[in-house]
Amino acid sequence: MGILTPHQLAFIFGLLGNIVSFLVFLAPVPTFLIIYKKKSSEGYHSIPYVIALSSATLLLYYGLLKSNAVLIITINSIGCVIEVIYLMLYLIYAPQKQKSFTIKLILVFNVGAFALMMVIVNFFVKGPNRVTAVGCVCAVYNVAVFSAPLSIMRRVIKTKSVEYMPFSLSFFLTLCATMWFFYGLFVKDMVIALPNVLGFLFGIAQMILYLVYKGKKGNESNQKQQECTEMKMNLTEDDKAYTKDNNQPTDLQTN
């Protein structure tokens with residue numbers, strides 16, 4: 001059996017990238033099941049899903065402009081559908097303040113920015129340069145996608161709790177970045193390869209944080225427990241005071 005050609009290796013890593021990317025898109029499902037059951041978005045943020053939808057939309061457009069990019073088109077079409085479903089669920093159960101903020105993000109990133117790019121590319125960029133222009137934008141957005149969990153990582157460090165940073169998502173992001181890096185390397189597409197180096201590094205950092213703070217009760221949990229304890233103590237003291245007042249003899253009983 002001969003050595004595989006770069007084209008064959010690109011197909012293998014691209015196919016694996018599709019499979020792992022699909023698992024990445026499904027990784028937040030447990031989070032949204034919690035949101036659905038509790039009918040509240042709680043402390044979860046919508047920013048990663050807004051940026052992920054923007055990235056999937058741009059990569060889909062990039063794949064349509066670029067030749068021989070079926071693997072890119074396939075997974076990003078699926079990604080767009082899944083991210084839209086996530087955002088719809090988030091908007092249904094989010095508090096009004098978070099809901100308004102999320103809608104503004106969608107209008108800016110998913111509608112406004114994409115429409116502006118479409119106008120610029122179609123009217124001011126000619127021929128093969130369109131692929132290059134869209135590719136540069138995709139690279140920037142991919143960096144934003146991999147940087148989005150930074151806010152969650154900051155929260156983990158601050159609260160010492162991994163409640164809002166699922167390990168499964170961090171693991172699959174790292175694996176996904178690895179697959180797409182090699183795909184981009186073998187097809188000589190730096191738009192795909194380079195941002196995934198950053199994705200790999202962020203993924204490793206998230207998993208390390210998870211292992212460090214796993215099993216530890218965060219500051220938020222401790223604060224909630226302390227508040228509950230104080231409330232119970234106050235209720236107990238009130239009950240004692242009420243009982244004491246009722247046990248005191250009245251003037252009629254004294255007479």
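In case you wondered, yes, glycine gets a Cβ from its N, Cα and C as well.
As recorded in TrEMBL, the features of this protein are as follows:
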TRANSMEM  12-35  transmembrane segment
TRANSMEM  47-64  transmembrane segment
TRANSMEM  70-93  transmembrane segment
TRANSMEM  105-125  transmembrane segment
TRANSMEM  131-152  transmembrane segment
TRANSMEM  164-186  transmembrane segment
TRANSMEM  192-213  transmembrane segment
Sequence-remote contacts (6 or more beyond its ends) of the transmembrane segment (12-35), Cβ cut-off under 8 Å?
4, 41-42, 44, 49, 71-72, 74-75, 78-79, 82-83, 86, 89-90, 93, 166, 168-169, 172-173, 175-176, 179-180, 182-183, 186-187
Looking at the transmembrane segment (105-125) and the transmembrane segment (47-64), are there 3+ C-beta pairs under 8 A, with each pair at least 6 apart in sequence?
yes
Remote residues contacting the transmembrane segment (164-186) - C-beta distance under 8 A, at least 6 residues beyond either end:
6-7, 9-10, 13-14, 16-17, 20-21, 23-24, 27-28, 30-31, 43-45, 71, 146, 149, 152-153, 155-156, 192-194, 196-200, 202-204, 206-207, 209-210, 214
Apart from its near flanks, which chain residues at least 6 from the ends of the transmembrane segment (192-213) lie with a Cβ under 8 angstroms of it?
72, 139, 142-143, 145-147, 149-150, 152-153, 156-157, 160-162, 165, 167, 170-171, 173-178, 180-181, 183-185
Any residues 6+ beyond the ends of the transmembrane segment (47-64) with a Cβ under 8 Å from its own?
28, 70, 72-73, 76-77, 79-80, 83-84, 86-87, 90, 102, 105-106, 109-110, 113-114, 117-118, 131, 134-135, 137-138, 141-142, 144-145, 148-149, 151-152, 191
